Amino acid sequence: MKTGRLVTVPLINDKIFILGWIVSQLFIFCSVMLHLSQDVEALRGELCRKDEECREQERRLAALEQQVQERTGVIVQLQQQLEEAARRRQELQLLRDGEETLSRQAALPLQVKYVTKTVEVESAQSKQALIEAQAHNQALQEQLSVQRQLLRELEQQLHESQRSSSQLRQQILVYEGEMERAQGQLEAEMQSLEEEKNRVIEEAFIRAESEMKAVHENLAGVRMNLLTLQPALRTLTCDYNCLKRQVQDFPYMLEKAITEAKQEICQVIGEVSSANQELLRKYKREMNLRKKCHNELVRLKGNIRVLCRVRPVCAGETDAADTKNKVTFDPDDDAVLYLSNKGKLMTFELDKVFPTQATQEEVFQEVQSLVTSCIDGFNVCIFAYGQTGSGKTYTMEGVPEDPGINQRALRLLFSEVSEKKPDWDYKITVSMVEIYNETLRNLLGDNPSEKLDIKMCPDGSGQLYVPGLTEFTVESVEDINKVFDLGHMNRATACTNLNEHSSRSHALLIVTVAGFNSSTGHRTSGKLNLVDLAGSERITKSGAEGSRLREAQCINKSLSALGDVINALRSKHSHVPFRNSRLTYLLQDSLSGDSKTLMMVQVSPLESNVSESVCSLKFAQRVRSVEIGPSSSSRRQAENSSTSSSPTHDGVEVQRHKHTHPQVFMSENNNVFETFTHNFPSVTNAVATMHSLFHFSSSPVHIYTVIYV
């Protein structure tokens with residue numbers, strides 16, 4: 001069977017070649033016939049077009065003949081009118097002749113032939129006849145005048161008819177000339193079309209005859225080839241049937257193979273998908289756990305949390321040449337921000353980055369846990385930092401229909417206080433101050449221009465207070481709105497080149513929450529400082545002059561003092577220059593001790609503000625690395641956790657051991673990651689080491705730390 005297939009393959013190829021040649025010849029014949037039919041159709045279309053033109057010329061000729069007939073009818077009518085006028089003219093001529101005869105007779109002297117002496121008396125009848133004759137004569141005179149008038153009108157009509165007749169004759173001559181010329185052109189065109197038609201038909205006939213002759217010759221050759229190919233075709237048919245029987249089982253085998261392949265592929269895809277899902281689940285769990293541990297580490301170390309918010313591009317800024325967006329975000333990490341500066345991509349890592357489309361509610365959700373800490377007796381500070389026009393006031397105060405952090409924080413405090421009733425009784429007081437040109441001003445007082453001072457509390461607690469500062473007790477949203485309206489009315493703002501309503505001072509909203517537990521007699525007192533810092537600006541860009549220039553200098557001086565304080569805290573200097581500025585002196589409680597501080601750095605995405613944005617983000621990174629000491633509650637939690645081991649976030653465990661030997665960190669499969677041979681000097685260093693170890697781990701880890709006693 002295999003040998004038979006090898007012998008018949010060349011023959012099959014020859015037969016297929018011959019059949020292909022026959023088919024190609026048939027295609028050529030069909031194409032020639034199609035070309036001939038197309039030529040014939042084109043000639044028919046040309047002939048129809050010429051016939052249509054001839055019919056159009058005939059229609060124009062008929063229209064001209066109809067116009068000539070109409071003109072002829074008009075001429076006949078005019079001739080009839082002319083004859084009628086001539087007849088009337090003859091009648092008038094006769095009347096004129098009669099008149100002239102009568103006038104001549106009247107002019108002749110009377111000839112008296114006979115004279116009689118007979119005198120006749122006139123009778124009444126003769127008088128009546130004479131009167132009637134005179135009346136009749138008068139009527140005839142009137143008719144004569146009318147006939148004369150009519151005669152003149154007819155003469156005028158006759159002259160007009162003669163002119164019209166001459167004009168019509170000229171037009172008729174012109175029309176006859178045009179008709180003769182059009183008829184001659186039409187006959188010439190018909191003759192040329194007839195000759196062209198005969199020529200085209202003759203050429204097409206000759207070409208078709210030659211092509212048909214060639215086709216007949218090819219067809220005769222094809223017939224001869226078909227006669228010789230019939231035996232080969234029968235052999236080819238037999239071979240085809242043989243091959244068809246051989247491949248009858250091929251579809252079944254192919255379907256079976258495809259089914260098995262599909263099953264194997266689906267199985268592999270399922271295994272890969274399940275493995276990917278498991279890896280993704282573990283990765284997300286590790287990322288969440290790492291972030292929780294990092295946040296807990298930051299809280300224990302007392303670091304200042306730093307959030308960043310990028311304002312959107314305003315509608316009026318899209319027309320400028322330097323409005324290109326230079327800020328991009330990491331879709332996988334909401335704590336990373338990228339800034340393009342002079343062709344170089346700079347990376348800034350903060351605690352949280354809010355993109356341009358972030359809402360006021362999303363921003364507040366990130367800080368609301370910090371706000372409620374003041375109810376527990378902590379000092380909390382949230383301040384907005386950034387250049388002029390970057391959106392600090394909008395983030396802190398917002399607009400009436402979409403309020404900012406200030407009003408949302410007070411609303412949250414009202415909600416939390418109402419939930420703690422009736423066990424706890426809280427009193428919330430609010431005061432607003434601004435630092436304008438290094439002068440402390442009371443925004444809620446009767447005299448906002450009155451200068452205030454910062455002093456230490458006489459009770460020895462080391463806390464700062466402002467004597468004479470006006471405080472309002474608030475219990476509802478209406479009270480908040482009244483306080484805010486009064487404070488905003490007294491705050492110093494002005495127009496610069498960078499911002500139409502630029503804040504020219506640092507505004508502080510101080511919220512004091514004092515609580516009393518009637519059942520235990522326990523008292524708490526916490527303070528919430530919400531600070532809207534004035535924007536840093538460059539004099540060359542803001543165009544400040546006069547009083548605006550002095551304001552800008554004082555603002556930049558106070559912000560520079562804030563930077564000095566941050567650098568001193570970051571470097572852990574023994575002396576921190578809080579007293580170098582009213583701003584830093586007033587924020588001393590928020591930047592030291594057991595306070596909780598959050599910084600909201602505002603950034604503009606525009607290319608024109610890149611240098612200011614870089615300065616703000618670098619300052620934010622420095623602030624993020626500042627440690628102001630763990631809070632009191634953090635120390636209490638550390639002490640409680642040191643006395644008893646308890647599970648914390650996702651399997652992280654803290655235990656206390658009275659050992660001075662190295663402690664070993666173990667994973668779930670008891671693999672030793674690393675053995676530390678150094679004694680930890682403090683809990684902070686131990687936790688930092690735990691965090692760094694966990695950061696490089698790829699599986700859940702039980703972490704044991706050693707607290708040395």
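For all residues, glycine too, the Cβ spot is worked out from N, Cα and C.
Within the set 54-102, 446-494, the record from TrEMBL flags 54-102 under the feature coiled coil. The candidate set comprises the binding-site residues Gln387, Thr388, Ser390, Thr393. Of these, Ser390 has the most other Cβ atoms within 10 Å. Neighbour counts were taken at the CB atom with a 10 A radius for the binding-site residues Gly386, Gly389, Gly391; the maximum falls on Gly386.
Using a 10 Å Cβ-Cβ cutoff, Lys392 (ATP binding site) registers 27 neighbours.
Per-residue pLDDT, averaged across the coiled coil (137-203), gives 84.
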